[in-house]
Amino acid sequence: MTMFQYYKRSRHFVFSAFIAFVFVLLCQNTAFARASSNGDLPTKADLQAQLDSLNKQKDLSAQDKLVQQDLTDTLATLDKIDRIKEETVQLRQKVAEAPEKMRQATAALTALSDVDNDEETRKILSTLSLRQLETRVAQALDDLQNAQNDLASYNSQLVSLQTQPERVQNAMYNASQQLQQIRSRLDGTDVGETALRPSQKVLMQAQQALLNAEIDQQRKSLEGNTVLQDTLQKQRDYVTANSARLEHQLQLLQEAVNSKRLTLTEKTAQEAVSPDEAARIQANPLVKQELEINQQLSQRLITATENGNQLMQQNIKVKNWLERALQSERNIKEQIAVLKGSLLLSRILYQQQQTLPSADELENMTNRIADLRLEQFEVNQQRDALFQSDAFVNKLEEGHTNEVNSEVHDALLQVVDMRRELLDQLNKQLGNQLMMAINLQINQQQLMSVSKNLKSILTQQIFWVNSNRPMDWDWIKAFPQSLKDEFKSMKITVNWQKAWPAVFIAFLAGLPLLLIAGLIHWRLGWLKAYQQKLASAVGSLRNDSQLNTPKAILIDLIRALPVCLIILAVGLILLTMQLNISELLWSFSKKLAIFWLVFGLCWKVLEKNGVAVRHFGMPEQQTSHWRRQIVRISLALLPIHFWSVVAELSPLHLMDDVLGQAMIFFNLLLIAFLVWPMCRESWRDKESHTMRLVTITVLSIIPIALMVLTATGYFYTTLRLAGRWIETVYLVIIWNLLYQTVLRGLSVAARRIAWRRALARRQNLVKEGAEGAEPPEEPTIALEQVNQQTLRITMLLMFALFGVMFWAIWSDLITVFSYLDSITLWHYNGTEAGAAVVKNVTMGSLLFAIIASMVAWALIRNLPGLLEVLVLSRLNMRQGASYAITTILNYIIIAVGAMTVFGSLGVSWDKLQWLAAALSVGLGFGLQEIFGNFVSGLIILFERPVRIGDTVTIGSFSGTVSKIRIRATTITDFDRKEVIIPNKAFVTERLINWSLTDTTTRLVIRLGVAYGSDLEKVRKVLLKAATEHPRVMHEPMPEVFFTAFGASTLDHELRLYVRELRDRSRTVDELNRTIDQLCRENDINIAFNQLEVHLHNEKGDEVTEVKRDYKGDDPTPAVG
């Protein structure tokens, strides 16, 4: 192959030097082998006799068993030597016969050029019968199949011969290393090695002879490599030319078959149209009607024959495609296995990718098969109706008795018989069509399956194979000469004779685009004025609307369209100019039009007093900065656009493209410098969403990663990823515009709701006769006051849309990452169907584990909250139930995520369960309290003795439950202090839940009255105070009890119930005040302890009363 010649020349010197070095080593090893063998190796008969003698012995010692094994291995080695010598002889014979085979192939190839004239061939074929032609078609198909098989065999052998130098190099090097080890062992120079047994020495000498035979065979194969390659190439050229001749011959045969079938069909049709009756009978209306039906059937028969011929040709074409695809699949696997990691492999892969059949070239046969079945069913129904000709004719003659006589009756019978024959032939043709359509569908399905598999293999391999040389020092030194050669190879050709008419037609086709662009430019002033009108309405409650921002963005989009339309029109003209790069320029113009549409729209939105400033409220300084950045980034992206188109349409041109490699590298470096400040600003913005930060960070890191790929030679991979990266940038820009538009729409809606509420309050004040102040015209509401549920649902839909579009951009490259499954990191033992197997943990498994961890983290962060907003908040659930559900859901996500991650890394559940059991036992003792609190937390969530919002008392702490976590529960006491209590306390200690099932609680107010008080009056006073209080429940009724005779009081208790816990303190306060007031009004003394002090002098007969001088500070004793 020509694509291998450069590669072979570049390796010639390396192989020559390596073969010379190995030859010197082999001469030394061969001389030593002959000197140390002390003659020839023992014969097989001698060895077999010794082995038989050992086998006859019943009891063998350990030494005898070793000798027995040595003899068996030596016999096997001698067999291999004989086989290799035989293969070497065959190789020599094959090399000797190669020139004669090449001469024969050359002569046969020359003979093929003297082909017969097509006209003479057609004349000869026209004399053959249809059966003879069909026999020749079958024979030609068999010959073509054999030729395709020979071509596949020759291609496979050529691949093996072209990649033989690498295999010979590795084999001879390994053999020389093994010979060196055997020589050292036979010499006894290895320190610490035991002495060789005689049988073991013979075995090693046999192994030495085997290696020498293998090396001799490899050397002979390398010597005959060029001759065999030339012979196979010539044979392949002959088979290729012969296949083309057979295909042409098959086409002529098929044309002859089609012509023969069509002639027979037309003859039948003519017989149907012109029966042997008189013109008078044919003029009969009934006969004429039936003859017209026969004529229609004859036309259907001709059409069916033509369709059958087309299906036959399509079958042949698809069958050839299928054979070539299967051959390519076999060859590509061998080439990948041998040439893995070389630049030659990338060239081969690019060529194979260009020859893949497209699905657009295949016809969908499902509907056609269904139509054929339906048509055949209708034909069979018509045939069944004609089974009894007389009955059918009699039925036709009903109602036409005046027009029918015996001659007309006979004519109708003849017409019906002819129709039956036509239907039989039509049914046969439809059956043949159906059979060929089904075969064609099967072949197409096989072809698409093989093509899909081949495309997947090519996509994976091309993506992970370096397409260019690395940008190292050698690349830099060779850059000037490589650049000079690249400029010399650039040629742009144009066929002016064919180009001018096509350019005129393309100009007419592009004229509507130019007219639309001119119309938009003409109405540009009106569009700007209308946009300013929309901008002036922003902020006004009477004129502002949620549609104002989409309208303004649509106007900016229309303003950006003229340049896009002009680019497309120019690209259309270049496409028709018959340039050798017309297709490339047309594809680039389409990408450039989309590029301008997105970045032009962004430029218009960010202009002074544009949508970003007037609608989104961005500062003008910030929009100016972003406009400058967009200009710089867009200019840096243009070369990447062009070379990404080259990578899609003509990847072979990238192989020696040092200019593109250097330009893309420095463009990516420039983009990295431009994008990184934007990423830094987003991280400094504290209001940025996490997903937005992650997206911008990834988009900023990608240029640096692409630079590394370009520098290491993965130029094609860089361009493929760069194209998707640019499309992702488009998505981010459009998504941000949509995001800001939605947020402004929600803000406008919130302001309108607030305005309506203000108007409603004003109307209520007017109705009540209290006219308030005029409400402000434009009440402002911060974005944080927008309904949070609506905002979160909107964000969920926005991110879902972003995910769908992101998948649509990158889905065609997802399959390339399956290549990571071929990179094994480590192994582990597993079971399948009860059998122990060794499984691999690949790079793909590690990537899946990372993605699963990220997905689990995202679900833990967002799913419980979204579930609360979307579902739980709309259900009538008990207090705290939604919190329990979301918490348990978090635990489930963590468990499933951990099992998925560990399972993908080779830690299956059957291993995890023992680990979990061991950890449970070990940690159960060391972390007993923590595990106890964790289990208690689960009990609390499931059994729900306490819930979020319950008022509880545990020990000396009382308050409201605010949080239930894995280890502890948080209680907010009545002093608004948060108390952290371990979960175990709620399960093991006594707990008072004041609001578990009912918030009704009892209050006890104790009162002591003085001795001598009217007890019945006291009872009435206490009951009156309780029954008249609005918060005291009447069922159960308040009760008063005289509980005890105190030291100085008559003790009473007022027992009553209140509905809510928050009413307890206020009710006690108000009842105490009421009771005090009623006791004063009813002369009931509330008793209290009194103490009298008497002072005696030393004699004991004088009492001194202490009186306080209220004018001074010191008491003045008074003696009385």
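Including glycine, each Cβ sits where the backbone N, Cα and C put it.
Copied over from Swiss-Prot, here are the features:
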type	residues	note
SIGNAL	1-33	signal peptide
TOPO_DOM	34-499	topological domain 'Periplasmic'
COILED	43-98	coiled coil
COILED	126-266	coiled coil
COILED	360-422	coiled coil
TRANSMEM	500-520	transmembrane segment
TOPO_DOM	521-560	topological domain 'Cytoplasmic'
TRANSMEM	561-581	transmembrane segment
TRANSMEM	583-603	transmembrane segment
TOPO_DOM	604-634	topological domain 'Cytoplasmic'
TRANSMEM	635-655	transmembrane segment
TRANSMEM	658-678	transmembrane segment
TOPO_DOM	679-692	topological domain 'Cytoplasmic'
TRANSMEM	693-713	transmembrane segment
TOPO_DOM	714-728	topological domain 'Periplasmic'
TRANSMEM	729-749	transmembrane segment
TOPO_DOM	750-796	topological domain 'Cytoplasmic'
TRANSMEM	797-817	transmembrane segment
TOPO_DOM	818-839	topological domain 'Periplasmic'
TRANSMEM	840-860	transmembrane segment
TOPO_DOM	861-886	topological domain 'Cytoplasmic'
TRANSMEM	887-907	transmembrane segment
TOPO_DOM	908-921	topological domain 'Periplasmic'
TRANSMEM	922-942	transmembrane segment
TOPO_DOM	943-1120	topological domain 'Cytoplasmic'
COILED	1057-1081	coiled coil
Contact set, same chain, for the transmembrane segment (583-603): CB under 8 Å, 6 or more residues outside the stretch: 553, 556-557, 559-561, 563-565, 567-568, 570-572, 574-575, 627, 630-631, 634, 637-638, 641-642, 644-646, 648-650, 726, 730, 733-734, 737
Maximum Cβ pairs under 8 Å to the transmembrane segment (729-749) - stretch from the list 561-581, 635-655, 693-713: 693-713
Integer average pLDDT (0 to 100) for the topological domain 'Cytoplasmic' (521-560): 82
DSSP residue counts for the topological domain 'Periplasmic' (714-728), split into helix, strand and coil: 14 helix, 0 strand, 1 coil
Outside the topological domain 'Periplasmic' (714-728), six or more residues from its ends: residues with CB under 8 Å to it: 346, 462-464, 466-468, 595, 637, 640-641, 643-644, 646-648, 651, 654, 657, 660-661, 664, 668, 699, 702-703, 706, 806, 809-810, 813
Secondary structure content of the topological domain 'Cytoplasmic' (521-560), with strand meaning DSSP E or B: 28 helix, 0 strand, 12 coil
Secondary structure composition of the topological domain 'Cytoplasmic' (604-634) [DSSP: H/G/I, E/B, coil]: 21 helix, 0 strand, 10 coil
Cβ contacts under 8 Å made by the topological domain 'Cytoplasmic' (521-560) with residues that lie 6+ beyond its boundaries: 596-597, 600-601, 603-605, 609-611, 614-615, 737, 741, 744-745, 748-749, 751-752, 755, 777-779
Remote residues contacting the topological domain 'Cytoplasmic' (604-634) - C-beta distance under 8 A, at least 6 residues beyond either end: 532, 535, 538, 548-549, 552-553, 556-557, 559-560, 595, 671, 674-675, 677-678, 737, 740, 744
